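**Q** Have a look at this one before I ask anything.
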Amino acid sequence: MFPPQQGNELGGISEGCQHTIWRHTMDLINDANLNNISQRSCGHDLENLKCKRLEWVAFSDFRLIAHFLDACSSNIDKYMCGRLQPSESLTQGQTLACLQQHIDKLDEQCQKQIYHLSEIQADNIIMDRQLYLACINDHSKFCPEIAPGSGNVYKCLMQHKLDRMMSQQCQDQLLRRQKVIARDYRVSKGLARACKEDIKAFHCRRDVSDEKDIRLAQILLCLEGLLRNGTKVTKDCQMEMVEHRKILMEDYRLSPEIVSQCSEDITKFCNGLEVGGKTIHCLMEHTRPRKKRERVSFKCQRAVETLVKEADAGEDWRVDPVLREACKPVVDNSCKDVRGGDARVMSCLMEKLGTDHMTEACELALVQIQYFVARDYKLDPQLYRQCRDDAVRLCHAKKVWADDNASMDPERGPLVLPCLYRYAYHSQKNLKKLPYKIMTFTLDVRSYVTQLGERRLMLNVYLVLHGGWEGKKVVVVVVVAAAAVVVVVVVLLMDCIKENPVQKFFDYEIDGDKSRCKLGCTIVIKLKVSCLEEIRRVMRQRAISVDLQPEIEEVCLEDLALNCYEKTNRGEEMVCLQDNLERLTRECKSAVSNFTEDQAQHVELNPEIMAVCQGVMEKHCEAELKMGRDEGDLMECLIEHKNELDVRSNYKCRAAIEHFQLISLKNYHFTYKFKEACRPHVQRFCPDARTKYDVIRCLSEKVRNDTLRESKHSIPRECRQQLRAQLFQQRENINFDPVLRDACQKDIIENCPDVTHGAGQVLECLQINKARLTPRCHRAIFNVEKQELLDSSGDYTLLTTCRLMIRQFCHEEDEAHALECLKRYKDEKTFDSKCKVIVVRRMIEQNQDYRFNPLLQKGCHQDIPKFCSEVVATEPKDLELEGKVIKCLKIKFRERKLRLECEQQMATILREAALNYQLNPLLMAMCKKEIKVMCKADEEEEDSAGAVEECLKNAFLTGRIIDPGCRLEVANVIEEAKADIHVDPLLHQACGVDVSKFCSDIPQGAGRHIQCLQNVLQDSTKTLQPKCQTMLTKRIDMFKNAALIVVEPQTVEELYGHISRSPARVYFSIVALSLVGVILIAGFFCGRVTRRSAIMKNK
């Protein structure tokens, strides 16, 4: 060949020319004439040297390359790989390098020789002359301490392959080398030596002869499967595995499947990118777009899936160069104390998603990898290790980690992780969804039940064969239809019943857990605790993106493209799907609804809340966090404290909580505790209810009707408590009551434009401005007030404003009766003024309509139909009666016709109205001008001492009230006070001592105490207190004047009432009796005269 000094001159010869010279040289060597000449010239020397082939003379290293030239001759010509090389190490090095570039396309025999020579080169970089020369400077730069002559130089250079300081020519030569390694793992001496015993011991070359090449991916899958299944692999082998997994992820060109299946997709989507890992991640990104035209082909997606599994990219973040580069700052900052491997760092990075520690580049690369990990539970080593047995038993998962591609298809059908998740949280609900065969038979145990005599005992038993249970003991499911209870037992029926004929115990065994179960008990199939914890971790981490939830993403692709194509930020897609729940396709709606139910039960699945409310939970929900088991408790706690001062300042947290509350309005299942407590009653009483609002309204009406009828509640206590909680939340924000919000949208703009939504402020504003509301809104407000005033547990403003007062005065009362309790204590000196304003406002509302006052309804339920039926019949059902029924009852109160219970309730109402004129809507309406002018009172000011009513009474007495309507209403007030001294609190306060002294033995009511005081006043032997005497004298004058003004009786009944109430009723009685006597005498006289006349005429 050529001497070394001519090496530089060869650089100027083209590759085509070199190949021509190379072929000419080979022809000369193989020429028969040259062979004869050499025999004559060398004679016996060639025989002594055993030079049976002249190539040994031409090529000093022909012992290495002899078979190579024979096997690859056609391939060398095909790819023009003949090269001239001035080297004594491996004269055909460049030819070998050229063929290595086309390793995938070579003949089988040629490939075998190439792999053999590549193995030889692996021992010494100098043997790979092209790589050695291309990387000589990089060797000095990156690996100065490693001397040529060992395979460690390869390893060092490959570790720095992606370094931007490495020369392009060295990178190209390393890629050539990696391609060969990817095709045959034995070319990598480090892996082959470190894992030799493991490969041999665990048959990783099964069904492959030693002469055939074994792909690196096949060996890695085998070894990874051993690790996943708990088999120990040597530490050195594990280290080599990590390095070679990196090789697969560094350059897509090392994966034949990617090259063949994704070539068009790479050209279409990833053209112009740097070759290597970035192209792989580009393909990953284009497996996720919502629009089909932006997605890679199905074959390409499968190829990427295969690569991710071969490289086991989910196990170690360092395997993926793009992920490693993007996430190194995050790892150094937030996961530096986490030991590498076993997906521990990957899990740490997933926990940082959505936090300030995560960078955008790291999040993108991480989600791209996790997209594939989420679709094969085996790629998460911690999850696989803890849940493998449960997955095999319950979800048809394969028993081995590594398997051929075809066997992966069933796992893509019934996805393993969603199946495990159903068993983790919905085992009974989803049990029936598993494939099964049912066979019914009757078991006659008469002969065994000896103590039951001749009675025949029959058991209906269903035999269910589930996947994974075949071949074990008999699986028996006893179905108790009445309670819908499923009991799963594995039994030896005859022996058990024979041993225990009376108690009928059954022995059962599930996964080796033997126990005894009495007939009728329930055994729930549960996952292992360690598996359950891993599932919770995985679901929490993957909740951040729809892409990481294949059971949702696969059925919602069209909906995402149609409704959420602009929602690309973290967590926005799921929020968008929830917002558009009504418009989703049936399959997508079902999947999103199921996930939303899970979010309601486990707030950790709500990334939006977890990202912004962590501090709030730690402060206000410490007890719930310590429980370690969230069954809707954390969400309930957050809702309860969202209006605390510190939470209101955290507007992001508050907004996230309220958004989930809005989502929960779409379906009552989205409120976990409410769903669990009320589901059977919703099915029974509200089968047609569509939304949560409909369910709440339906159940509320049922509870209210049971309360008013004093019948036994059809809704149990637990459901009623949850119902109250939902009503309370509705009243907090008008947005949580869609019917009220829609009805009052214009009214809010006109009457409450500057009122902040939340804390019940908008609803309170509408109630204050009720007179100015549109009819539709007015009716809606009426229904809200009716509900609140009958059950205070739903009155948000009352309960929050009066929280301390309720604790102080009403801590033993049910929240439903909070208003009635607060009314009793509102005049206490220590009573909070803000709370008193709300209580008085509620009392004013109650006096507008008897239906707002449950105590009045209960006390007067017989009197109202009897005396006020015309008023009730002619007035609208969904608007206030403006105090008309109460006015009717006042008349009967004055006439002393009410039953005792109703009279007591009316006395209470009149007494409160006397102390605060605002509680008398008719007086306010009739005397509005007089109140403002004469009594100097404003509607906004509180009147708790009865000053306004006393002012109007004095004005009436002095004749200053001109308006006839006002004069009449004040006269009515005076007349009502005459019926019961307690209705006139000022008189009662002045004469309290005298009443106790002179009238203690006289029953209350019917004006008896006032008549008693009048008698004392006229008795010269008795003396009243000066203050009482003055006040009573003034009241007597008022009574006389009022009697002249009160409306004249229109019926005989009203006339009788007036006479019976009159102070001169004795006089009227004597006159009436005298009149009757005169009529009788006149009639008797006239009768005799008429009779005499008739007798005379007959004569």
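Yeah, the Cβs are placed from backbone N, Cα and C, and that goes for glycine too.
On a predicted model such as this, the values are computed, not experimentally measured, just so you know.
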**Q** Under TrEMBL, the annotation transmembrane segment belongs to which of these stretches: 472-493, 1066-1087?
**A** 1066-1087
**Q** For the repeat 'Cys-rich GLG1' (105-165), how many residues does DSSP put in helix, in strand and in coil?
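**A** DSSP classes over the repeat 'Cys-rich GLG1' (105-165) add up to 40 helix, 0 strand, 21 coil.
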**Q** Top stretch among 105-165, 295-357, 830-897 for CB pairs under 8 A with the repeat 'Cys-rich GLG1' (583-646)?
**A** 295-357
**Q** Mean pLDDT for the repeat 'Cys-rich GLG1' (961-1021), as a whole number?
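**A** Taking every residue in the repeat 'Cys-rich GLG1' (961-1021) and averaging pLDDT yields 81.
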